Amino acid sequence: MRRKTRQIFVGDVAIGGDAPISIQSMTNTKTSDLEGTVKQILALEEAGCDIVRFAVNSEEDAKTIPEIKKRIHIPTIADIQFNYQLALYAIEYGADGLRINPGNIGEKWKVKEVVDAAKEAGISIRVGVNSGSVHQEYIEKYHGVNVDSLCYSALDEVRILESLGFSDIKVSIKSSDVNQSIEVNRKFASMTDYPLHLGITEAGNKEQGLIKSSVGIGSLLHDGIGDTIRISLTDDPCREVEAGKILLRTLGLRKEGVEIISCPTCARTDIDLIPLVNEAQEAFKSYKKPLKIAIMGCPVNGPGEAKEADFGISGGKGKGIIFSKGKIIRTVEEENLLKALLEEMERY
Ligand code: SF4
């Protein structure tokens, strides 16, 4: 069962409560590069991103926010590291949410200014901690960076905002160690009802990053923990979003989109299956309808093994068959298989 959390908003996207689990990513353009940033955000939207974050490192970055917002359709989060003035600019120029840690801002009056401006603008704040920013006092108290020092550092950030009467908060606690990430989020989830943003920090390139994130984020989601996710990859940010969608669909937490079921290939495979599956993955990635498509290597096991698929292809010698719910619809030459599948889906 999903953990009960309070609900907050980033723009018009609800996070927590009974809201669907949202997918986030972050741009890697210079935020002040208006054309580049807008182009990347539009690509992220097309991939299915719900909320986009960008770094605000200068006043110029902040001043670009209104122009960015005019040309995109999803809410924005301004990521601020230390400078409270930049947080104030980001709010002034219309960011829909902030990511900032009050502990990094310094004097309490500066934190208060940011919190007052966020309240006035009606925007939420993400706080948290990762393995590189655990508070020194907890490193000493709990003898290093571990579940306790991570958890209590994050709780401190929350308490600072609460002490200023602010509770539109979501929390992220990230470690590059998957087991530690799972345990600390479980612990924190048992202590508060704030919505959690899940991610594995510095997860790596697409192979390693996908596995680490799927295990870490997937385990927590399976426990009912997590309200919004980002799969961090050293790769094109659109891949993060595509992976996020697959992860949510795998766990039954999102229905829309195409799930491709494909066989691992073996000595019975009679067509060039691997490029076919890759082409299909590409062709279906922005489909919104919930469909299962099977792509199997041989006619004997193909339709039978993929009975529950809405549509499918199975290979024969230089040919293949298109099937739906285990029933054969037509036979086609190998080079036309994907085209024929798309035609049949169109008819459907
Ligand atoms: S579906 Fe056919 S080709 Fe694919 S793994 Fe199974 S037996 Fe082999």
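Placed from the backbone N, Cα and C atoms, the Cβ positions cover glycine too.
Features as listed in TrEMBL:
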type    : residues                       : note
DOMAIN  : 5-244                          : domain 'IspG TIM-barrel'
DOMAIN  : 259-346                        : domain 'IspG C-terminal'
BINDING : CYS263, CYS266, CYS298, GLU305 : [4Fe-4S] cluster binding site
Within 10 Å of the Cβ of CYS263 ([4Fe-4S] cluster binding site), how many other Cβ atoms are there? 20
Confidence summary (mean pLDDT) of the domain 'IspG C-terminal' (259-346): 87
Taking DSSP states H, G and I as helix and E and B as strand, how many residues of the domain 'IspG C-terminal' (259-346) are helix, strand and coil? 29 helix, 28 strand, 31 coil
